[in-house]
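Student: Below is a structure I'd like to ask you about.
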Amino acid sequence: MMKGSVLMYLQLATVALLALACSLAFASDPSPLQDFCVAVDKYDSAVFVNGKFCKDPKDVKAEDFFRPGLNVAGDTSGLQGSNVTAVTVNELPGLNTLGISLARIDFAPYGQNPPHTHPRGTEVLFVLEGTLYVGFVTSNGDGNRLFTKVLNAGDVFVFPVGLVHFQLNIGKSKAIAFAGLSSQNPGVITIANAVFGSEPPINPDVLTKAFQVDKNLVEYLQKLF
């Protein structure tokens, strides 16, 4: 009897240890939902959480899950010839904690959505109208390989989270695409704006050496952005 009890105890202990090991193996901090969230000791001075504060469920209305307007084309008269109409948690509060968002992208003829990244979300792009040349570049460790594809109406392409990617309208008429992203607030970093248009500006010596170009060109680009 004693031997059987010891055996049962050992089996239960083994199961418990395995459960604990699995728990530790899959444990991790929550993914950030904004660029940063600095810790504070005084709670009365805290103004943000990782994401958004939640409304009392009793006060929730259908309008919290609704947003009209994606049937309206964005203004593509800017320098890039494109316009992104985002629907993140900032525009649609009901997206909070759901890990998803949406965007409509309008392109003028030969307009582009320039190289950029989404630090917190994978993007799935669906072309509704027109022809787009799209692509992404892998990380340094993978040799910065470029993957590209020409997409027509009805085609879908995925851009992995965090990788630099772009879309270019190669048609003579407008193009329309919709993107789904795997975060309520995926963020966007447009490469040229971040590098040459930061505030305050990056020291030109840094960019001159990084891009191996003349310092005058770097200073011109910084003024441009």
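Including glycine, each Cβ sits where the backbone N, Cα and C put it.
Here TrEMBL flags N113, H118, E123 as oxalate binding site. For H116, H118, E123, H165, the entry in TrEMBL reads Mn(2+) binding site. If you look up TrEMBL, you'll see C37-C54 marked as disulfide bond. The domain 'Cupin type-1' annotation in TrEMBL covers 68-219. What TrEMBL records for 1-27 is signal peptide.
If you look at the structure here, what lies around each of the features I listed?
Tutor: Counting only same-chain residues six or more apart in sequence, the Cβ atoms lying under 8 angstroms from the Cβ of N113 (oxalate binding site) belong to Q80, S82, V84, I105, F107, F166, Q167, L168.
Of all Cβ atoms in the protein chains displayed, 13 besides its own lie within 10 Å of the Cβ of C37 (disulfide bond).
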Student: How many Å lie between the Cα of C37 (disulfide bond) and the Cα of H118 (oxalate binding site)?
Tutor: 18
Student: In sequence order, which same-chain residues at least six apart have a C-beta under 8 angstroms from H116 (Mn(2+) binding site)?
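Tutor: In sequence order, V164, H165, F166, V188, I189, T190, I191 meet the Cβ cut-off.
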